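K.L.:
Taken from TrEMBL, the feature transmembrane segment applies to 52-70, 82-103, 307-325, 346-362, 637-655, 667-689, 701-717, 724-741, 761-787, 808-828. Residues or ranges marked as domain 'ResB-like' by TrEMBL: 211-294. The domain 'Cytochrome c assembly protein' annotation in TrEMBL covers 695-830.
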Amino acid sequence: MKNLKSLLSFLLASFWVAIPLIALYALACAIATFIENDYGTSASKAIVYNTPWFNFLHAYLLVVLIGAFIKSKALERKRYASLFFHSSLIFIILGAAITRFFGVEGLMHVRENSAQSSFESADTYLNITLNDTTKLSLKTPLTFYYSKRLKPIHATLDHKPLILEPLEIYKQNAIKKDDATILVLKATYNGVSHKFNLIKNNRNEGIEESEVFKDDKLSLSFGSAYIGLPFQIKLKRFELERYAGSMSPSSYASEVEVLKLDNTLIKPYRIFMNHVLDYEGYRFFQSSYDTDEKGTILSVNKDPGKIPTYLGYAMLILGALWLLLDKNGRFLKLSRFLKSQQMASFLLALILISPFASSFANEGQIDMHGGKSAKIERQSVENPTNKEDSKSAILERLKRLREYSKDHLKAFQRLQVQDFDGRIKPLDTISIEYIHKILKKDDFQGLNAMQTLLGIMFFPNDWRSIKMIYTSTKALRKLIGTPLDESRIAFRDVFDSRGYKLKNLVEEVNQKSPNARNELDKDVLKVDERINLVYTLFSAQFLRIFPSDKTTAWLSPIEAINSPNKEISSVATAFLKNIFSGFDDALKTNQWDKVEKTLKDLSVYQQEHAKNLYLPSSKVDSEIFLNHTNFFNRLTLPYILLGLLLFIVVISSLIKNTIPNIWLTKTLYMAILLCAITHSMGLILRWYVSGHSPWSNAYESMLYIAWASVVAGFVLRSKLALSASSFLAGIALFVAHLGFMDPQIGHLVPVLKSYWLNIHVSVITASYGFLGLCFVLGILSLVLFILRKQGRFNLDKTILSISAINEMSMILGLFMLTAGNFLGGVWANES
């Protein structure tokens, strides 16, 4: 009996069991993430999330957690904060279980002036209809197309047995995770058997098939089922707002009426992103819309587990705060130790650092979650046949462009242009974005980005033969037919008598899964994008500089000339005539009066017709200043070097057991402070220019992490912490500028306009700063341990202090990361 009690205590109340279970849980979730990425959500649910063993794992963890509370006698030991914090997990697991087994979700499609009293389920069902009247829906676990354990399904229909024997289930295309699923089954009814091939598309919609079983017609489909509602939703009007001059949605909303089944009005309501309709336990979210903008798609959810789950989230956050403030807790014990080590300011620093974690939203391209690249509409590029000038004439024009235009670029830089996403920006920004994408650098043969763009635009024939387009692989250059040792190709190199050389290659690569693309495939797509960008410059399609009184979309010169609006047409014609003749004369005589007057006249026209879309001079000047100061890239090396120098100074003094050179440390301190002030100015300027907080994508998130890290170093008032935070800030900025993050300022997509998302991401990203500081402090500790082994035992006090700082930073980072993830659940449920 004693042995049985010990065994049960070990299995149901032991941390030695709980820790491997948590590790298994984490491993299962990680594997499910990869499965979902490769094969889709249905596969991850069938293999992991909706399996009996995963449900059992949750239940077992819950039992072990409660058993550990009892066994550890947390209540008797007055560990109230710890008990309260861990009790939150019980409510979270229970709430998740209620949602898992009793919650329903799906989609409702409603057209304008029509009503719906049902929605399509997110789960998969076998839908059976007998003689077009009697209907039956059987929930099926047949969601994963590699399943080999297909068991017969028994049902009763019109008092007669129905046997459904699944024979096979597979994807139409195993490579594409969003492709159709085919279920092959044999149905036996009335003593007759028929074989069905049921198809479910990537929207979980089933295609119905029918067969006759003696006197009965049986129709089957494999997909979502219609779930009835005790009321109706009627769509009165759907509204879509776009960013000015683009097709990118700014927001969309559904004006609906909630009706009884007898069409009696209950209440009107406006559903839009982050504004949810709640009625009789059901929640309706604005999910999508029809392409003709006459219908809406609402996400429907009924979640009876929301209240216990939210209660668990609240307990978790309050419990974390209680643990931080508990006088008997680990955090304040470490704080008291640091005070004894003459580091009392550390706790204050940790409290003060939290306000610097401002709200921001991630990329999207949301990816979790983004800033968007300029959307360049693909153009079919024709084979250029224009007559080209001699090489000497081209070189002479390049020389004059380089020498004459340098002091006359301001008027061009300040010219306001509307990009393809609808954002108004100075031409200076356009030049930097386009030229960097084409050349992979910001200058070319002594020409800056603005001069290069003007050269391409005004002398397209010259630039067709100039090798400026960057390629990264020799394999592509071999296919094109250019020298393998030259990384740049000319626009004319990708054309021959048959047309565009890359046309078939691009089509083949686009048919491949992104994961299956090799370096050549990626280079093909990049070079194809650059070719299209160059063509866009040649044709001036990017130059959307003519505002219209009737729409918010600005027109390019060709669009303006062909416009039925005679005023715009005449203004565009005069502009092109004057600007081209003036620019050509300016390169010959170095007289720029005509060019500057033409650009000034256009600016006046823009201001009169663009109205509130026209940017104030202060914003234009700020953006140009931001473009050319390049704050963040230039701060990378100073942060890293200053952090390393300060570290060397401090370590040297510790090794020698002397006080660090006061003049040198103050100089380094002031230098890092100057970098931090410059960094702050850059963020404020970017905020002003973009019109929203500068942490809306991956690039801006790295800028924020770098800034928060270096500010933390100053608040901590520790030379070692400052050296570590400065180095960490430099590394974060270095990563931000590696090339895979887009620094372009863009509009926010509707889903990112949520305060819940701001809170969720800001808390998570702030935790990265603390955890990153843990990493650097850990490296410092290891270095000090190495030095200590050489007999320098005076380092013990420093090592203990760094270890305490590290543990406190880790506690804060873990709490913030945990709370941030659960707040993400609130965002998903509220937005």
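Here the Cβ of each residue, glycine as well, is placed from N, Cα and C on the backbone.
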K.L.:
Near the transmembrane segment (667-689), which same-chain residues lie under 8 Å Cβ to Cβ, leaving out any that are not at least 6 residues past its ends?
P.N.:
619, 622-623, 625-626, 629, 631-632, 635, 638-639, 642-643, 645-646, 649, 700, 703-704, 706-707, 710-711, 713-714, 722, 726, 729, 745
K.L.:
Pull the DSSP breakdown for the domain 'ResB-like' (211-294) and write it out as helix, strand, coil residue counts.
P.N.:
0 helix, 59 strand, 25 coil
K.L.:
Looking only at the domain 'Cytochrome c assembly protein' (695-830), how are its residues distributed among DSSP helix, strand and coil?
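P.N.:
Taking the domain 'Cytochrome c assembly protein' (695-830) as a whole: 112 helix, 0 strand, 24 coil.
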K.L.:
Restricting attention to the domain 'ResB-like' (211-294), give the mean pLDDT.
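P.N.:
Mean per-residue confidence for the domain 'ResB-like' (211-294): 85 out of 100.
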K.L.:
What residues elsewhere in the chain lie close to the transmembrane segment (637-655), defined as a C-beta under 8 angstroms and at least 6 residues from its ends?
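P.N.:
Sequence-remote neighbours of the transmembrane segment (637-655) are 661, 664-665, 668-669, 671-672, 675, 706, 710, 719-720, 722-731, 733-734, 780, 783-784, 787, 792, 794-795, 798.
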K.L.:
Please report, as numbers and ranges, the same-chain residues at least 6 past the borders of the transmembrane segment (82-103) whose CB is under 8 Å from any CB of it.
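P.N.:
Distant contacts of the transmembrane segment (82-103): 50, 55, 58-59, 61-62, 65-66, 69, 74-75, 301-316, 318-320, 322-323, 329, 822.
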